[in-house]
2 protein chains.
Amino acid sequence: MTAYDELIAFTRETEALAQVQGRLGWDQETVMPRGAATQRGDEMAALEGVLHARRTDPRVADWLAAASDGGDPVRAAMLRHITRSHARNTKVPASLASELARVTSVAQGVWAGARAADDTAAFLPVLSQVVALRQQEAACLAGEGTLYDALMDDYEPEASASKTAAMFDRMRPRLVALRDAVLGAPTPPALTGSFAAEGQMALARLLATTFGYDFTRGRLDLAVHPFSSGSGADVRITTRVAADDPFNCLYSTIHEVGHACYEQNIDPDFALTPLGQGVSMGVHESQSRIYENQLGRSRAFSGWLFGQMQAQFGGLSVGDADALYAAINRVTPGYIRTESDEVQYNLHIMMRFDLERALVGGDLAVADLEGAWNDRFAADFGVVVDRPSNGVLQDVHWSVGLFGYFPTYTLGNVYAGCLHQTLRGDLPDLDAQLAQGDLQAATGWLRDRVQRPGGLHSPADTVAAACGFAPSEGPLLDYLEAKFRALYRL
Amino acid sequence: MTAYDELIAFTRETEALAQVQGRLGWDQETVMPRGAATQRGDEMAALEGVLHARRTDPRVADWLAAASDGGDPVRAAMLRHITRSHARNTKVPASLASELARVTSVAQGVWAGARAADDTAAFLPVLSQVVALRQQEAACLAGEGTLYDALMDDYEPEASASKTAAMFDRMRPRLVALRDAVLGAPTPPALTGSFAAEGQMALARLLATTFGYDFTRGRLDLAVHPFSSGSGADVRITTRVAADDPFNCLYSTIHEVGHACYEQNIDPDFALTPLGQGVSMGVHESQSRIYENQLGRSRAFSGWLFGQMQAQFGGLSVGDADALYAAINRVTPGYIRTESDEVQYNLHIMMRFDLERALVGGDLAVADLEGAWNDRFAADFGVVVDRPSNGVLQDVHWSVGLFGYFPTYTLGNVYAGCLHQTLRGDLPDLDAQLAQGDLQAATGWLRDRVQRPGGLHSPADTVAAACGFAPSEGPLLDYLEAKFRALYRL
């Protein structure tokens, strides 16, 4: 065996164990008996120890030093990913990695309790620990760059905070103008009624199949928070059901199907290698968003969905497809990011991005975070936060140390805007297809252009290759303005 | 940390990873998408590699050499288990262990296909490989003893084939006499009808709870073959449903609940250590059997079950509790071990025990196995095997290399007989309790006497300590004769 072959064989085993870890995570969120939580913690810690040892194994450095890509782009990409991952893992001392795992595990529980009790003070001490540990970790990784860039790089390789900030600054005025105009117009009626769980799940399964999800290599279950889990031949999704709001179930499903199809559609030759998973959080989110929003919340698709919902639930409070389209695209003031609409969503991200950069950079003390959040929310949304669970405590991310992750949501929207523009150009009959519930051409285009290469190219190159141009915010903003100006008759 | 502490910490991680392996097995049999099978094989192989490396880690030998039990019986038991397991694992070359894993994995698939096609010839070549590899493995382990003893020791430590054979020889005449007498008497009517799956599962859940299964640390799902999986705080069971035979679902559930309660009720201080699981297959089977048979198929419990089944399914084809009791204890001629009754079951085991000892010892060639099976079946059961799936191909065990496992089923029955005799003496009101569906005293007795110590004592000592006498076949035979002579009015 050559050094390259030995390295890949070792890496494949590591990736297989990482899939096992993912499967345990799925189990924990869906089927695990509640009394098993403590033992599961021990099981996860043991597996994490095995993975950490493999990811920092000194043989990897030796194999990397001896391996050659022989001019082959797939081999070059493999070596690039393994080099990058090994460097990140070996730069962080094992004691720090283990302390981070321990503290974030505790912090997530503290956060959940604090949010339930609307008690920010109960959360801040452990959040200070998390911030300090992530700062230490970032210092190990940052080199010449900023601490925040070092963290963001984990989720979106080759992204930079300064370029992201500049893009957000360009986006903000148009988003604010659109939001203000929309909120100044009459709000269309919401869908009301009570919708049986079985009917919602039947429709969720139909939507998953319609959007190309392969149930022979996956499954759909209920969980508190919808997610997609796993790569390759075992990619599972979850959704949730609220009797008075079927859109929660249906659009969560389409969103997770976007993530899952990305994983299912990667070249099978890349399975259980570093190329065999979505290339970045931003590109991942571009798939979930374009499935959910540009396709799933389109006027054309609303027509098909209206018929399906009528068939499943009988008469609806919204009388026709136009009214359904308006209901699934309602823009209303609100505190909660995850309940936000396409127009306001990115404004929620931008304020988190600024706050977390200030936290990580040391310009904002954890003790001052809640005040900063509330001031910023009032400035950006014109609403006073009424309680912490509607404010600084609403998201799990910071409790588990996910600093640098939030901007990838908006990057995903930006990528989705670019992809959608090119997709529309390539598929002139798309609306006619969507009106028939026929997603094959659209999801096939995304599969071949974006999903299949997996980690072969960089995130930005992946999107650029699919679009034919370097990604920028313009197409997303053009799309949002056109859609919501028409819908709200502005 | 002392050498003992280091050893235990390392062992706890290994046991935690073994639990993960068990959870993946559960996943595979219950919820895994069918398209995930190949990838799952890679994941399991990677995890098995990690476990094998830990189980043969040279540091374990060093820690064992330096560790002291300080006169503490728990520590002594820990060291005894770890010494035994490390010795077994290091005596078998890694190449042989890996080849065994590979060949048995293939052989199981070949067996399933051969059984479905009733084609013994398709199975024998791979079975020859399995036998040869297990013989090689046994030769690594046997020392002064026989190959078969070395294999049996994996499932029932300290058992010996010659003592087991002598016991089986003592049991056979009384079992044959009882079987012949029972088959000579009129056969009571079976339960007939169609029973909704939901009702069967509702009753299965009720039975599980009634027998003490803790659903906060487990769950009940459907699978092709019923099983119990996991230890400590996460012990899951499965059952199956046949519309025309609710006893299949109900008694499989009680059987697996016996296994699962054993695991759930072990001293929590032993969790994720070698003491934290059932001490042997024989003792495990004693719990599943006494739950299922001596308790679950008793006349007293039949009274309660009759009421529950009436409540769940309405009128039954059997008109009263006595008729139900007769129906759940019907003895009829049959080919299949797993469908057998309490009287004939052990005769099925005895013939497998003799055949597999001859195979492993080299006295029977794989090519002659089917003929030997059919001759022996005709001699023992007076019936000519009509097809391989009713004969030599009926059990999965040999395909996966489980030679030495079959006798533990009868050992379990023998242990259950001993435990039941003492239990009856200690609980004079047991029948009155069973008639009310009150299993608390009986399962509590088993929990405290048998289950709680886990692996603290040897298998035979575990049973002897619970019974107050050394286990022997007498109590089981007395129980069977008394029960079936009364039921069949002999």
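Each position is counted from 1, following the chain as shown.
Every residue gets a Cβ built from N, Cα and C, even glycine.
No curator has checked TrEMBL annotations; they are predicted automatically.
The Cβ of B:Glu256 (active site, proton donor/acceptor) lies under 8 Å from the Cβ of B:Pro226, B:Phe227, B:Ser228, B:Ile237, B:Thr238, B:Thr239, B:Ser288, each of these being in the same chain and 6 or more residues away along the sequence. Sequence annotations record features per position, and here TrEMBL assigns active site, proton donor/acceptor to B:Glu256.
When Cβ atoms from all protein chains are considered, those within 10 Å of B:His255 (Zn(2+) binding site) total 23, not counting its own. The secondary structure of B:His255 (Zn(2+) binding site), as reduced to three states from DSSP, is helical. According to TrEMBL, the Zn(2+) binding site annotation covers B:His255, B:His259, B:Glu285.
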Within 10 A of the CB of B:Glu285 (Zn(2+) binding site), the number of other CB atoms across every chain shown is 26
